[in-house]
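Heads up, the thing below is written out as structure tokens.
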Amino acid sequence: MTLFLQLGFQGIALGLVYGLIALGFVIMFKGSHTFNFAHGQFVAIGAYVVLVLLPRMPYVLAFIGAVAITVGLALVVERLLIRGLIGRSVTVVVLATLGISTMLHNAVLMVWGVGSHDSVGPVGAGTTKVGSVVLPNSALATVAVSVVVLAAVAWFFQRTRHGLALRATASSQEAALAQGIDVGRMFALSWALAAFLAVTASIFLASFPRVVSPSIGDLALIAIPAIVIGGMDSLMGAVVGGLVVGLTQVLGSNYLSDIGGGRLHEVLPYVLMLLVLLVRPYGLFGSRSIERV
Amino acid sequence: MSVLTSPPAPRDAATPAPRAQGLLTRGRIGVLLWIAAMVVLPLVLRSELWLGIGILTLIVGVGALGMQVITGLAGQISLGHAFFMGIGAYSSAWLGADKGLPWWLWLPAAGLVAATAGALVAPVAVRIRGLYLAVATLALVFIGLYAWETWTSLSGGVNGRPAAPVLFGDQDLSLGIMAGDQVILDAFQAWWYFALAILLVVMLLTHNLKRSRLGRAFMAVRDKDVAAAVVGVPVTQTKTVAFVISSFFAGISGALLVSYMGYFTPSQWHLMLSVDFIAMIVIGGMGTVSGALLGALFVRAMPEVVNHASGFLPFVRKGTSTDGGITGPLLSGFLYGLVIVLILLFEPNGIRALLLRAWRRLPAPLGSSRERRKTS
Amino acid sequence: MLKKPLTAVAVASLMTLAACGNSAGSGDSGTGADGVAMGPGVTDDEISVTVISDFSGPIAQGGIAGSLGVEAKIDQVNREQGGICGRKVVVDKRDTKYDPQITTQQYRAAAPKNLMVAQFVGTAGLNAVRANIERDKMPTLSASINTQTLDLPNVYVAMPPFEVELINGLTWAAKEAGASASKKVKVGFVTSADETGKVYLDALNHAAKATEGLEVVAQPTYTNADTDFTAQVNSLKDAGAEIVMLGVTPAQIAGIIGQSAQFGYKPTFVSSSGAWASSLGKPLKGLLDKYYVSGGYGTLNDDNAGIQALTKARKAYAPDAKPDNFEVGGWINGTVVVEALRKACEAKDLTREGVMKAMTGLKVSFDDILPPIDLGDGNSIVSFQSRINKIGADGVQEPVAEFFESEAAKSWDAARRK
């Protein structure tokens, strides 16, 4: 039982990180109708910038600095490379973001090299014991911050003018235009929000004992099954999908280690995603209309 | 069923309206010139690197035409091409290397097995579209990777397995073709012509498919499937056929690829391979045969061109280092991504359109050398 | 639709290909002015060897550093001795991006222009071109130091393979723990869930059986997608493993050791040399006092003639490169290349056959970087010696004992070759 709780907690912590990344995907998708395959690279860049800033300033400032730089970069990419593709086919936009991903990945290697570095989590290697379950402080911080950030994002979408405008844009760009909403600004806003979430996720993805390395960008791609399982346009779905994937990986690495060559948990998120597509193509929480995009 | 009385309005700028031109009527000179060039090239080209790139271009060209059928013609985005290529590769290796069948059996069989897989996947794939189709096919790639790595008796596990050789009598294509002690074709030339022959067959098939009623149904589905259904195109069936044909070509391409390499591992059927194929058709020019081939050439040759060019660029770090810096390999990766995005932004119809425009500007054959250099 | 663009493709491809095509390969052999038989890549004033490696992909860190070691050695020989056989040695570097397809392309392009492969990085890529290496009779030094690549035709592994490092590591740890018939010590093995992992597991299980007082209690596996090692660590902890052998890569080390510490689990960890990267020293600071590396060759921090020569050579060749221990591995391969070429030159046979003949039974000493090796018939393990290191400041390895060999490693090899 202890082991189950232990694994479950680790799975939830990891799943919430995936949820943060998935949420970024969903917000960009709602705001700009772009499924951004380059999102993982923003996660990587966020982690690297925190790594560079950390020795020079307090943690909070380093984080804010990383958010500023990553958001700035996301805005530049959106304005220069994505905005011009509005209205083009899914194939074109998907390929464009894959191209951007390749660019950013190689740029990261040029700037920071191919090696791995230190961890950049907000708390160290310490743990807190609850009964017989050991809760790593980094995982506790992941859970705490994720919950706060997710609540803030929900509040933003429900209660603020910009959030409402973003939702309006998501449901219909024409209608939003008619209401006097600057759709271009909504595009930028959604990318900025996603970049902020990417940096937040990055510090936990590179929390002890995980480290900053070029592979973080690829690691973040596991958020894709999370989004599909949850539903591409659902904020709630992104988080739930992330949890499903995180729990599948961690619980599976223990309970499925004797079957399927010990690698079943690696492929299970993709199998789940395919099953969801089969019975409920718009995801567990998505709206039916999205199927037609 | 009357398919399309008037051409549909192109929904996407990247998909030009079909033009009425026959392979053996007006396009004859261009095609013959291209074939002639392809026949002469391996005889005059003396660089093993570029011969190798040329052969791989011809081989992946087959797969790119498959991609063109599903995405360029029928408008269904698929990230699963690597999966179907893998199926073709393992089928060919099992039949050719393990069972000892000749290439003229294992090659079509590889296509057929992949096509069958496509037919099995199609019922799910035709129900979803756009991004959902993209991610569903992406899942196929990862599930495939798992299957290859786990099914070790077939795949040899992570260490890989030998592929089926192409044998003409007792002559192995990978050793070159000999007549007695006389080398007629070296290994590069032999493989070049073999791949070229297969590619020509697939080109002809694709071309005729595009001109057929089925091809017009593909494009109708691509441009507006609701409208296509209204005018009597059986949408589900059409999409299924597109999947099957595309997978068939992918399977052939995968089988050729591993046979040329001689030995292969599961890791090569990765998502990036699928991405390369989408890049090929979008960069080359959607919905056209020549676009697929141009795209294949671009994807295979571009990194090497940049690698060579980077030797002359002052800002490129000459040595390599683990702590970063602009090195040739990294620059070529960066530029690959950048060029993809730039072409999408500024030339929606791809390199093909770019070349066409340059070609039209040629005033006379005599004054052409200057312009030609630009296009290369 | 096939009309003009295709013509343009033809012209364009003709021009690009022909423009790049003038670097014709010199596949022909001949005899030099000095009476030396010359194979591919050899002229009267040059010997070209290739390094096929990942310079920009997922294992570029090892690929780049390893290549640097080869280059530094060759550069040293060129500078100090004017090359070999009166010829300058040239290193032809080829980037594979760790992609088997690109590896095939690069190997085939490099093969006609080079006498031998001075270093091949990437197991999947090496497998992809194994048939060509056999056909081309290409002497190839592999950087994948395990018996799977050693068994390939014409492929040499000039260092003790990882399996030997792991076996020696286990026997050392067993002795340290005082394992004996009367005192059972529990051990656990962590390996990847694939064929490579199985080979390491076989070696470790053999060693556990051959060593008195060891009981294998847990054998968890991992996959490359794993970022959380709760399951693996807990299975080791619950089984009470006192010694944990890590047949892993640097990507897993931090997770396994870090999470073990978090769960209050402190066994003795021993890994092969391929599992440690000095950059891991920072995140794992303070957690490494019971972690040891069994290395088949020494480290950049050693103080001996070999490392001094390496340090001097790398200062001259690449003064601004960040030190990395994979350079030592590259230096070892470079040294073997130099010795093989010298011996082949003495026999006036700088062909591939000549190089391979020179490598047969070639004994190379590395001025104490590692004990002398014997290449034997090319398919035998060159040395059973390894050394136990601990991790010092900045993540660098520091020896805790001298090089030694274990009977278990030899008996495992004998069983393996049957």
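Even glycines carry a Cβ here, placed using N, Cα and C.
From a predicted model like this one, the values you see are computed outputs, not experimental measurements.
Feature annotation from TrEMBL assigns transmembrane segment to B:29-45 (among others).
Residues annotated as transmembrane segment in TrEMBL: B:51-70 (among others). For the transmembrane segment (B:51-70), the residues of the chain that approach it from at least six positions outside its boundaries are 38, 41-42, 45, 76, 78, 81, 84-85, 188-189, 191-192, 195-196, 198-199, 202-203, 206, 209, 218, 242-243, 245-250, 252-254, 256-257, 260, 276-278, 280-281, 284, 286-289, 291-293, 295-297, 299-301, 304, judged by C-beta separation under 8 angstroms.
Same-chain neighbours of the transmembrane segment (B:103-124): 80, 83-85, 87-89, 91-92, 95-96, 136, 140, 164-167, 198, 239-240, 243-252, 254-256, 259, counting only residues six or more beyond its ends whose CB sits under 8 Å from a CB of the stretch. Per TrEMBL, the feature transmembrane segment maps to B:103-124 (among others).
According to TrEMBL, the transmembrane segment annotation covers B:131-148 (among others). Here the transmembrane segment (B:131-148) has Cβ contacts under 8 Å with residues 76-80, 82-83, 86-87, 90, 121, 124-125, 154-155, 266-267, 269-271, 274 of the same chain, all six or more residues outside its ends.
The transmembrane segment feature in TrEMBL is assigned to B:190-209 (among others).
Per TrEMBL, the feature transmembrane segment maps to B:241-265 (among others). If you look at the transmembrane segment (B:241-265), the same-chain residues 6 or more away from its ends with a CB under 8 A from one of its CBs are 55-56, 59-63, 65-67, 69-70, 73-74, 76, 78, 81, 84-89, 91-93, 96, 103, 106-108, 110-115, 117-119, 121-122, 125-126, 156, 158-166, 174, 191, 195, 198, 202, 206, 209, 214, 218, 221.
Under the heading transmembrane segment, TrEMBL lists B:277-299 (among others).
Per TrEMBL, the feature transmembrane segment maps to B:326-346 (among others).
Sequence-distant contacts of the transmembrane segment (B:190-209) (same chain, six or more residues past either end, CB-CB distance under 8 Å): 23, 35, 38-39, 41-42, 51, 54-55, 58-59, 61-62, 65, 68-69, 73, 107, 166, 173-174, 176-177, 215, 245, 249, 252, 256, 260, 289, 292-293.
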